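**Q** I am attaching a structure below and will ask some questions about it afterwards.
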Amino acid sequence: MLIVDSVQYAKAGHPGMALGMAEVGYVLYRHVMRYNPRNPKWFNRDRFVLSAGHGCLLQYVCLHIAGFQSVQLQDLQRLCKLGSRTPGHPENVVTDGIEVTTGPLGQGVANAVGLALAEAHLAARFNKPDAILVDHRTYCIMGDGCAMEGISHEAASLAAYWKLNKLTLIYDDNHNTIDGPTTLAFSEDISTRFKALGWNTITVENIHSNMNSFKDALCSAFSENEKPTFIRVKTLIGKLSGKEGTSKAHHGTFDEDDVKKMRQKVNWSDRGPFHVLPMVYREMQIQADHGERLEEEWYSKLNYYQSKYPEESVEFKILLNGGLVPGWESSLTKWSASEPVDATRGYSEKCLNQLAKVLPGLIGGSADLATSNKAYLHDFKDFSQPNSPWGRNIRYGVREHSMAGISNGLALHGSGLIPFAATFLIFSDYMKNSIRLSALSKAGVIYIMTHDSIGLGEDGPTHQPVEQFAGLRAVPRLLVFRPADGNETAGAYKMAVANRDVPSLIALSRQKVVAHLEGTSASGVERGGYIVSDNSGNDLPEIMLIGTGSELCLCEGSAKMLRKEGRRVRVVSLVCWRLFDQQPKEYKEYVLPPRVSKRVSVEAGSPMGWREYVGGQGWVIGVEDFGASGAYLDTFKKFGFTEENVTRVTKSLLSD
């Protein structure tokens, strides 16, 4: 009735799934999950993910009756209202007790796999026979829509391969989606699919009449030592209502006559809206008290662990405190101009491996492109059960979308893990929704994206990113870096690691560039944009060349040619637009003086967005069509990315 009252009061929401899964929510929060509502962030709590995020009312009501301060009755009365703690889909940054932000269907399944992966990995690294510190389960509710989305299949495949036996996926099998019954577009046997993937599968036929059948299924899951468990629960969407069992129950309110009949069915007619029986609070308090005792016992174990295993304890506490050790930045290389040239993906490889030695939480992998992305921790093993679950390299296979979703789970586990996820920049399109959720949920994932332009050459336009920068830079909060050399790459990693509550994307070249382009610096990256060179002295420059990545050297080469002809030229690196935009107005105008209207930007990607920096009188050298297959120098020449063309455009602008 709290579900019904909330929807009626708000005149909005999704009651259908919440009503159909009420028994599941009750059993989990009352009898199964280990948590302490007085400390929602207790490390060894069980994790719960609602992949079918539209059913958030189920979780809000469960959090309320379980004693979480984050959801009071007045919060249920403010469902979907601006500024409320009960938004239309669960958000981890808004409501304590919500582990991850979900809504786009299937994402939560990948998040749950990431949470379970974090538990398995940390348990292998730190648990001792006489001191078990990491021992919790992950529960996830998914619906028919989640089952249809490809990301859930990718993630489930990995969960089985990784033998994440402490992961339980609960499938709300109500046979309805928004448009109507699932028979409109869906006929496969989901249990058989998960069994084929390698899951332990169980079906609960009659939860509405026998809640113990679901408890029995969970007990079976607990006894499974190798496989994750998939529990198919047959439910009635919109149970009790006149819309019961139909897609009409998915979202929206109920008419007053229907509400009256629902109240009669459960003997609730004489009670007002948002009434909760005191005995319900007392009943749920039993589980809360149990969780509080478990937390006290856990801290006793931690104290014992500290005394008996001091070395491991130090590392464990570093992770619990966020994973950053004092002075970690000093591990990053400072490159000189005399060092061998390499692609920025090569400089990235060195940065990543240097950081892995000092950051115990750095963990991640590539979508079957580790050798191309150069994203592999050479001193550490692959995560593999039972062989090396302590390994910090994750083999994702060709599963870009779930890689990003799993990385969000790793980041939001709250254990100081710093996940990285690597692939070609063009495949960021497969991952876009998960990347967006990284930003929305403040998950500090580091996305390593190589082959960042038409400069990758022979693979041609199917693999050459053009419009990706524009789309990624538009994602709120996401830090997009495009370093020009080794030192800017180190600077990008420094900022990516330091910013633990925002995701970062580092775009890297396949083609080689100098280790240190004169004038660049790691420290300059911190402000997003800075002056690389300028021969103007006390005067303003006549023109400014603004570049990123591998094209910054074209700007610098062109500037040298123009300076020989007596021109005053400034070269600016705009390595991260968002960081530059966040700088004080005085600094931005110092780097890009408003009085200098003649500007040229050079980037081998879409020109979209550059007009903001070059102004109405500037010139944008970009890529306005798809790329082409060919040697990278030939491709660059075809699209105008040569010192000669940059110089020609600049001279043309100067002559106007």
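Quick reminder: no glycine exception, Cβ is built from N, Cα and C everywhere.
From TrEMBL, for reference:
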| type | residues | note |
| --- | --- | --- |
| SITE | H14 | site 'Important for catalytic activity' |
| BINDING | H14, H250, R345, S372, H451, D459, H463, R510 | substrate binding site |
| BINDING | H54, G103, P104, L105, G145, N174, H250, F427 | thiamine diphosphate binding site |
| BINDING | D144, N174 | Mg(2+) binding site |
| SITE | H250 | site 'Important for catalytic activity' |
| DOMAIN | 342-516 | domain 'Transketolase-like pyrimidine-binding' |
| ACT_SITE | E400 | active site, proton donor |
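What's the neighbourhood like for each of these?
**A** Sequence-distant neighbours of H14 (site 'Important for catalytic activity') (same chain, 6+ apart, CB under 8 A from its CB) are H54, G55, C56, L57, G88, H250, H251.
Neighbours of D459 (substrate binding site), defined as other CB atoms within 10 A of its CB across all chains, total 14.
Long-range neighbours of P104 (thiamine diphosphate binding site) (same chain, six or more residues apart, CB within less than 8 Å of its CB): G53, N433, L437.
Over all protein chains present, the Cβ of D144 (Mg(2+) binding site) has 22 other Cβ atoms lying within 10 Å.
Counting every protein chain shown, the Cβ of H250 (substrate binding site) has 23 other Cβ atoms within 10 Å.
Its Cβ placed at the centre, E400 (active site, proton donor) has 25 other Cβ atoms within 10 Å.
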**Q** Measure from the CA atom of F427 (thiamine diphosphate binding site) to the CA atom of D459 (substrate binding site) and give the result in Å, rounded to a whole number.
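**A** Counting only the Cα atoms, the answer is 14 Å.
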**Q** Same-chain residues six or more away whose CB lies under 8 A from the CB of G145 (thiamine diphosphate binding site)?
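**A** G145 (thiamine diphosphate binding site) has long-range Cβ partners A52, L105, G106, T177.
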**Q** Across the listed thiamine diphosphate-binding residues, H54, G103, P104, L105, G145, N174, H250, F427, what is the farthest Cα to Cα distance, given in whole Å?
**A** 34
**Q** Have a look around G103 (thiamine diphosphate binding site) and count the other CB atoms within 10 A of its CB, chains all included.
**A** 20
**Q** Whole-number Å distance between the CA of F427 (thiamine diphosphate binding site) and the CA of H451 (substrate binding site)?
**A** 10
**Q** What is the total of other Cβ atoms whose distance to the Cβ of F427 (thiamine diphosphate binding site) is within 10 Å?
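**A** F427 (thiamine diphosphate binding site): 20 neighbouring Cβ atoms within 10 Å.
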**Q** Any same-chain residues 6+ apart from N174 (thiamine diphosphate binding site) with CB under 8 Å of its CB? Would you list them in sequence order, or say none?
**A** G16, M17, G20, G143, D144, K234, T235, L236, I237, G245
**Q** Near H463 (substrate binding site), which residues of its own chain have a C-beta under 8 A away, given they sit six or more steps off in sequence?
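**A** For H463 (substrate binding site), the qualifying residues are F424, I426, H451, L456.
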**Q** Far apart in sequence but close in space: which same-chain residues, 6 or more away, have a Cβ under 8 Å from R510 (substrate binding site)?
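**A** In sequence order, the residues whose Cβ lies under 8 Å from that of R510 (substrate binding site) (at least 6 apart) are A343, R345, S372, T450, H451, D452, G455, L456, G457, Y632.
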